[in-house]
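Student: Take a look at the following structure, please.
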Amino acid sequence: MAPKKKPAAKAAKGAKPVMKAPAKKPAIKKPAAKTSMKAKASKPKEALVVPASLKALEARVVNLERRPDRWKRVATMLKKELPWLHFERFLASDGSKMTIPEEEVTAKWNTARNANFADFYEWAFEDGSTWMWAADAPEEDDQWRFTEDGDGFSYVRDAPSFHQKPAFTGSLEKKSTGEKFKVTLRFAQQYLNPGETQLMSGGERGCAHSHRRLWEFASKRAEPTLVLEDDVHLGFDRNGDKGKMNGKVFTKRLAEAIARAPEDFDVIYLGWSGWRGGNFKLWKEDDSGLSNADRTFIQKAEYVWTTVAYVISQAGAQKLLQLATPIDQPVDNFMAWQASQGNLKSFVALDEGDEDSTWAGGIVDQFDFQGDSDIKKSDGGHQGDDAKDFAA
């Protein structure tokens with residue numbers, strides 16, 4: 001769930017995110033045996049020197065058995081761009097077709113832990129009723145004309161100090177009647193205390209279960225493991241007008257990130273969105289010990305979303321398995337929360353064009369399947385990975 005931004009569904013006045021009833025659970029179906037694939041030895045135009053730190057790295061690519069089209073795309077890309085990488089298909093747990101034990105992944109989760117880091121800001125009328133989520137508010141649509149006062153609200157820029165700032169206000173006009181209203185931005189406190197209970201979708205549960213199984217695999221390997229989801233993408237436009245990402249640049253920056261990470265790192269996110277070194281939400285200091293030179297390649301993660309690509313150490317996998325009793329949030333929330341609480345030493349890999357104001361970055365992106373996702377979100381579209389604006 002990654003740097004690509006997906007506009008959230010619009011919330012009606014006073015509405016809360018709609019909870020869909022979970023599908024009935026069929027009998028358990030064990031994932032079929034995984035298919036092994038090693039990149040063919042093809043000679044690139046320029047000989048690619050593989051750093052020693054990457055030679056022992058193995059990748060597992062999460063892919064549903066019923067989606068061979070997605071496997072074909074990602075396997076073709078990896079063979080072309082990363083001929084040095086040994087990777088295998090890792091058949092995902094299909095939450096729509098198998099029964100996932102609730103002692104491993106819960107069926108419900110509560111927003112209380114996620115809310116401090118997520119985009120739960122809403123515009124409210126003077127009588128206290130809700131007009132619309134801030135992330136959804138348009139300047140104009142079929143019903144409304146909306147104008148923010150002053151510089152307006154930027155989630156990435158203003159959320160860390162929201163409660164210390166003067167109130168954000170705006171003017172609203174109902175087009176059908178010409179009525180005018182004043183609205184004020186507020187944090188939807190009910191999502192923090194006591195929190196809202198959400199049903200995890202089948203896709204979210206399957207995704208979490210797949211990553212849990214991958215942690216079991218990684219916990220048995222002495223060397224770090226590269227976890228990839230099947231929508232990982234390397235041919236994207238890099239931040240800062242640095243051109244297209246490719247295997248050569250990816251390899252170089254991945255090697256630098258691993259080499260510069262502390263020896264006891266747990267997770268390095270290769271694609272991410274959220275709060276991290278240079279752009280913390282609640283943390284005040286960076287205790288990572290990274291030098292200024294290191295921070296051009298890697299930063300400490302406070303709370304970041306997306307599990308499209310990450311390197312996990314043996315110790316990191318073992319920690320997550322100890323904490324996953326059960327996984328009680330969508331898996332990217334779960335991993336992010338553990339990092340924010342100091343239970344997991346997580347980092348983000350930076351590309352050359354990533355700056356402190358960059359909300360979504362890294363050395364991979366998500367392939368745009370134009371809405372063709374097997375994972376439906378349960379959070380009403382208000383995780384931080386849906387943020388649409390950047391710090392000014």
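Backbone N, Cα and C define each Cβ position, glycine as well.
So TrEMBL says this about it:
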COMPBIAS  9-21  compositional bias 'Low complexity'
COMPBIAS  22-32  compositional bias 'Basic residues'
COMPBIAS  373-392  compositional bias 'Basic and acidic residues'
DOMAIN    186-335  domain 'Glycosyl transferase family 25'
REGION    1-44  region 'Disordered'
REGION    370-392  region 'Disordered'
Student: Mind looking up the mean pLDDT for the domain 'Glycosyl transferase family 25' (186-335) in the predicted model?
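Tutor: Mean pLDDT, the domain 'Glycosyl transferase family 25' (186-335): 97.
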Student: Per DSSP, what is the helix/strand/coil residue tally across the domain 'Glycosyl transferase family 25' (186-335)?
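Tutor: Tallying H, G and I as helix, E and B as strand, the rest coil: 52 helix, 37 strand, 61 coil.
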